Amino acid sequence: LQNMKMVPVPEKAYGTFFEGDCYIILHTKRTSRGSAVDLHYWIGKDSSQDEQGAAALYITQLDNALRGNPVQHREVQGHESETFQSYFRNGIIYKKGGVASGFKHVETNMYNIKRLLHVKGKKHVTATEVALSWDSFNKGDVFLLDLGKVLIQWNGPSCSIAEKSRGLALARSIRDSERGGRAQIGIIDNEKDSPDLMQIMKMVLGERRGELRDAIPDAKADELQKANVRLYHVYEKDNDLVVQEIATRPLTQDLLQHEDCYILDQGGFKIYVWRGKASSLEEKKAAFTRAVGFIQAKGYPSSTNIEVINDGAESAMFKQLFQRWTEKDETQGLGKVYTTGKIAKVEQVKFDTMQLHARPELAAEQRMVDDASGEIEVWRIEDLQMQPVNPKTYGQFYGGDCYLVLYTYLRSGRPHYVLYMWQGRHASVDEITACALNAIELDKKHGDEAVQVRVTMGKEPTHFLAIFKGKLIIYEGGTSRGQKSTPEPAIRLFQVRGTDEMNTKATEVPARASSLNSNDVFLLATSQVCYLWCGKGCSGDEREMAKMVADIVSKRDKHTILEGQEPAEFWEALGGKAPYASEKRFQEQVTHYQPRLFECSNQTGRFIMTEVVGFCQEDLDEDDVMLLDTWEEIFLWVGKTSNTYERNEAIASAKEYLKTHPAGRDLATPIILVKQGYEPLNFTGWFNAWDPYKW
């Protein structure tokens, strides 16, 4: 903003901000549902109150011109949102002064420059102009001494590789965009090895006296703080603003009434204002002022992020804070629907393996590593050791046991491994721990290349079903060991779901009439006979799969009976008739979940996650542990040089993430551990243009 007017910034200067000014950023991106528009106004730390007011006003006008579709953000220097930072991949530069004081944005080929930039951050980089003095330095960050024709990058002794490479990317972008590519870059990684560059630094900064300061840790909100979501109804009564708390987590979508405006406070880390379609114009206009008032009333720092959201045009970040978010007239992706409660009948896509390799995004959508034609080995945990399971009984899992399933498949001619740890609902804590420890040993035997998947009984992932070729049977209790401690029940009931070898699973349910469901096929095994009960809603394919399972579950004669034509003996075996679920199973439309990538840090004893918006393979650094959340599973990506503590804490971090997620997530969600260089297709498919040779 210049003299209270909007003046376009030259594209070369994108990412450079004067601390004395305010800016407006309009960002548009194409999506499957049209386009998503974000409007940000950015406040420099030395900008005037008048300019800040003008910026807020322009945002409202732009919002009206764009018919209330944009998501609006208020950004304060040094506290920008992750979305804002994602626009400037090479980093954000803060310059002293402002346009008003005669500073020009960018003049290419300007060489009479002398400034020191303090570069901070690993995933989100910012560079602030600081005093030209050794006092500005510390041991933990990167500093760029910019002398026009020469840029010297000084790396603090305790910088990570990622921080150094982000610093270099920033130096190169200054050279290319501001100096027309005509500037030399020198790097000091260890002062003793760079006497010539140190000489230049001393000429500019003088001799250094005394020790350098220690690194300053970044103050960041941890996950516990972010999980504390509260929803407030905001309205005016007799010229007074009333803010009334109406709910805490888990929040549900029906709390938002179209006639009203609401404030959602995410633990003081970020404030959202939601504006109902039918709320008054006055209310809509007052959104930012109310949010700022709310921040003051709560005693939050004035730099707190604000996002203003319109009814029907909500951002992905906002939807994530609700237990479930349903869109109107939503169309579906590749035959997969996210459903809640009862599982919808979804037509499974037939697999063509060649297609999986050509289209890794299909592998990701379908949650499939390959076509499940690889080799299987199964062990049971017995006396805390691994006991091989008889291959004749592969696919039968007992709720009192823990199992390790090693799946081996070939890709480009060499073996790849997936190691499933299946945890029975009634297994002891010792067995579950032993299962994890034996998994680590087994992984070591295979060169630490296996992808480890934690499977909770009843939440088996798609690929796990597929590798057992329709013969997956889950017994509620008991064990598959030789000496059984309890006799097997005389009457058992199994619910069979699935239409082919790739997606079938039989689960034992209580042997009572109330367990039946008209949408499925059930097997009732008694000592004399095995009934195949076919509900009205089941298909021919489902009946065929149930017949295959019936032969494993029972050696007795098979009797097929249709719902409504049951013999008396059938009800007797179930202890009498009782009401059961018979309504048609409906497909509930739930938003297609946007996958999210986070950097996990657990070093300070606080669990901190930094989201990378619009992520790509470049964002996976060798010294990171990263978490990719695709809703149906959680991937942990472990970099080659990540520290041992974070590596060992990875699974605990993922559990913590599910626990503190504002949407109240299912704690049994599969957790998948992936090592750098051994990424399976169902992981790489979430990234655009994955390069398998990058490392």
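Even glycines carry a Cβ here, placed using N, Cα and C.
Some features that TrEMBL has for this protein:
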{"type": "DOMAIN", "residues": "4-84", "note": "domain 'Gelsolin-like'"}
{"type": "DOMAIN", "residues": "126-197", "note": "domain 'Gelsolin-like'"}
{"type": "DOMAIN", "residues": "247-319", "note": "domain 'Gelsolin-like'"}
{"type": "DOMAIN", "residues": "386-465", "note": "domain 'Gelsolin-like'"}
{"type": "DOMAIN", "residues": "504-571", "note": "domain 'Gelsolin-like'"}
{"type": "DOMAIN", "residues": "607-683", "note": "domain 'Gelsolin-like'"}
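Over the domain 'Gelsolin-like' (126-197) the predicted model carries a mean pLDDT of 90. Summarised by DSSP class, the composition of the domain 'Gelsolin-like' (386-465) is 24 helix, 32 strand, 24 coil.
Among 126-197, 247-319, 386-465, 504-571, 247-319 has the largest number of CB pairs under 8 A with the domain 'Gelsolin-like' (4-84).
Taken through DSSP, the domain 'Gelsolin-like' (4-84) splits into 23 helix, 30 strand, 28 coil.
Secondary structure by DSSP for the domain 'Gelsolin-like' (247-319): 24 helix, 21 strand, 28 coil.
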